[in-house]
Structures are given as C-alpha cells and as structure tokens.
Ligand SMILES: Nc1ncnc2c1ncn2[C@@H]1O[C@H](COP(=O)(O)O)[C@@H](OP(=O)(O)O)[C@H]1O
Ligand SMILES: [Mg+2]
C-alpha cells in the first residue's frame, strides 16, 4: 500500500469509536464528581498519579474495542503492553490513553481527555479525543478530514490555520521544559497557551494555535490520536530529524516532537 489514505481500513466506523470515548468520558465524570480523590488515587512506580477514573475508562474502551473489532490488538496505557518482539509485526492496532492529563483531572481544571487512535503501518490514521468536562469531541480520519462536535451540536469540519507569522504556541501546563522556549525562538510566536493533555493537538488542528513543541518525554498513547486529528486537519507532527513522527517503536516513550499547522 503506497499512500496513507489507502491504509485507512474501510471496515472501521469512526462513530462507534466516538461513542466509546463518550461512554468512557461519562464514567470519568462520575468519578470527577467525588468530593475527595485521595482514596481513588495511587502513585505509579515513576511517581505519576493513577486514579480509579483511568482504570474504569480503560475497561470501557478495551471491552468495547475487543467486542467490535476482535481482530485488532490493543495497547492501552493501563492495560498490558505486548512485547516489541510480538507487536513489531502488527500491521494495525489500537493505541489508547483512557485518561490523558491525570494530573489535570486531580487538579480539577478540566484539561483532560480520552484518547483512542488506530495505528496502521506505524502511522495514526484515525484519532478520537473526547474532553468530558468541555463535552467536546474531536475526531479525524487521515485523508478524509477532521471534525469537532460540541455538546448536542452537529459536527463541524476543522482545519489548521496556515499562517506563519504572529503565531500562537501551545505548551504543557504540568510538564513544560525551558528547552521548548529555545526551540521556538526562530518562530514569530506572539502568544503562548498552557494547557494539559492532548487538547494541545486539537487547538492546532482547529486553528486556535499554530505550533506546539514538546521537549520532555511523552508516551505513544499521549500523541497518537492527536497526531491523527492534526494530520487530518492539514497539519503535521515531526520528530527531531524533521521526519513524520512514527509509532510502534521499540520503546513506547516518545522523543521530542514539533506540531505545526503550516
Ligand atoms: N517523565 C515522563 N515520561 C513519560 N511520559 C511522561 C513523563 N512526564 C509526563 N509524561 C506524559 O505526559 C502526559 C501529560 O502531558 P501534558 O503535560 O501535556 O498534559 C502524561 O499523560 P497521562 O496524564 O495520561 O499520564 C504522561 O504520559
Ligand atoms: Mg497520557
């Protein structure tokens, strides 16, 4: 298969994935309503937080994907991670972050998302991101287009803003790195928005921001759905060598990347 477009499996109905992300978001909101998070929060080995909401969202998404698409394997942040020796031969798989921005969830600032991506031949071709507090869904199919759907409204097509001057940059609220400012110096950045989770990709995809450079580490499930949506909206995600960012790497830890709408 030569083009990314021809890699898009026709058998996948993105509406079914959107529904799953919304169902997971409803469960996350139930837990977001708890008065006290201390009894539902643990620290992982790397000291990053994990909550009951991450687990419950993972269960809904994994069960849904398995029942609808039993032939496609899954890697989810909270599930078991198949060894590289096996997954390196996968042509297609789901890459899921059931709750991206767990720190934002705990801080109760609303900037957290549910992320589901389909990777085909190392590239994200479908991406779905749902922000339950904002009740906003973003989704994209590479080669078809990207869409935003706000609560009870019809989906609208979104596109990057191609301007190269007077740029708005986005950066992480909880994991910013001084190196990011350095890399963005050659660009005409006039404003910076700090926000948690994959919403940064969505802001570039819908033209509300123009550039996002991430220096510090992320995991493949943090970026896959966002990259699919941004690519479908006309933007791109580049690695440190200027090549298109790829997935199913030996390590699931991402290196630095640059997202741009131009
Ligand atoms: N040291 C580290 N190694 C790997 N990933 C990290 C990391 N520090 C932060 N991240 C990733 O950055 C994500 C949050 O990004 P942001 O700061 O843009 O909101 C986290 O997602 P989770 O919240 O799903 O764990 C986590 O996966
Ligand atoms: Mg994440």
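In case you wondered, yes, glycine gets a Cβ from its N, Cα and C as well.
Per TrEMBL, the feature substrate binding site maps to 77, 99, 100, 101, 102, 222. The Mg(2+) 1 binding site feature in TrEMBL is assigned to 77, 97, 99, 100, 222. Marked as Mg(2+) 2 binding site by TrEMBL: 97, 100, 222.
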Listed in sequence order, residues with CB under 8 A of residue 100 (substrate binding site) and six or more positions away: 112, 113, 114, 115, 197, 198, 221, 222
From the Cα of residue 97 (Mg(2+) 1 binding site) across to the Cα of residue 77 (substrate binding site), what is the distance in angstrom? 5
For the binding-site residues listed (77, 97, 222), most other Cβ atoms within 10 Å of the Cβ sits at 97
Restricting the binding-site residues 97, 99, 100, 102, 222 to those with Cβ under 6 angstroms from ligand 2 leaves 97, 100, 222
List nothing but the largest Cα to Cα distance in Å, as a whole number, among the residues 77, 99, 100, 101, 102, 222 that the record says bind substrate. 12
CB neighbours within 10 A of residue 101 (substrate binding site), counting all protein chains shown, number 25
If you count the other CB atoms within 10 A of the CB of residue 102 (substrate binding site), including all protein chains displayed, you should get 23
Reduced DSSP state (H/G/I helix, E/B strand, rest coil) at residue 99 (substrate binding site) is strand
For the Mg(2+) 1 site built from 77, 97, 99, 100, 222, further residues of that chain with CB within 8 A of the site's CB center: 54, 96, 98, 101, 102, 113, 115, 197, 198, 219, 221
Determine, for the Mg(2+) 2 site, the additional residues of the same chain whose CB lies within 8 Å of the mean position of the CB atoms of 97, 100, 222; present them in sequence order. 77, 99, 101, 113, 115, 197, 198, 218, 219, 221, 223, 225
Close in space but at least six residues away in sequence, with Cβ under 8 Å from that of residue 99 (substrate binding site), the same-chain residues are 28, 51, 53, 54, 57, 105, 112, 113, 114
